[in-house]
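Inspection log for the structure reproduced underneath, given as structure tokens.
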Amino acid sequence: MNPNLNIEQDNASEIIAGVDEAGRGPLAGPVVAAAVVVNQSIMIDDIKDSKVLSKSKRESCYDKITNNYYYSIGIASVQEIDKYNILEATKLACIRAVKNLAIIPTKVLVDGNMNFTDNRFISIVRGDQICYSIASASIVAKVTRDRMMQILHQEYPVYGWNQNCGYGTKLHIEAIKTYGQTIHHRVSFKFKGNINHSAILGNMV
């Protein structure tokens with residue numbers, strides 16, 4: 001099933017923002033959330049959960065979404081992930097994304113099953129698969145975070161972030177064992193194997 005506008009159309013009197021995140025699982029980098037308020041008169045082809053789209057298709061959809069819809073980004077840093085835990089940091093990123101919108105939504109549809117104190121927020125399990133607004137947000141969040149990791153890769157190339165985007169691939173884990181963790185690694189995330197915990201600062205070659 002492709003995402004559709006059924007929920008948005010059933011709540012036609014509301015200003016609805018779809019929200020999704022990227023980066024809950026990686027060993028490095030922030031968690032990034034996006035909020036999107038769609039213009040229902042402009043439907044973009046190929047809007048789906050970002051995970052099922054190719055990189056080129058995500059980039060194409062990203063350009064169309066950001067040129068035609070209200071959107072914003074919210075970020076929770078590695079330090080916040082380690083301080084609060086990944087769930088609370090993800091919620092923080094989602095809240096920030098909504099606050100950063102140029103338009104104030106009256107209802108916020110969030111992918112997943114998180115609980116929020118703001119009663120505008122409604123969590124929808126697998127929302128990125130059924131809700132057009134959430135799927136749009138998933139694309140914006142994914143492309144934004146991937147681009148951030150590309151930039152960080154230039155400073156720390158041995159970890160392969162241009163390919164793994166901070167996820168725990170074999171290359172990434174071996175690099176951590178060899179070179180240690182950077183300031184962009186989540187020290188609260190554990191995995192098997194011995195690690196050199198000394199932080200690596202500055203450029204790496």
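Numbers run from 1 along the shown chain.
Cβ coordinates are placed from backbone N, Cα and C, and glycine is handled just like the others.
In the three-state DSSP scheme, ASP111 (divalent metal cation binding site) is classed as strand. Residues or ranges marked as divalent metal cation binding site by Swiss-Prot: ASP20, GLU21, ASP111.
The domain 'RNase H type-2' feature in Swiss-Prot is assigned to 14-201; the stated evidence is sequence analysis.
Contacts of GLU21 (divalent metal cation binding site) defined by a Cβ separation under 8 A and a same-chain sequence distance of 6+ are given as VAL31, VAL32, ALA33, ALA34, THR90, ALA93, CYS94, ASP111, ALA141, in order along the sequence.
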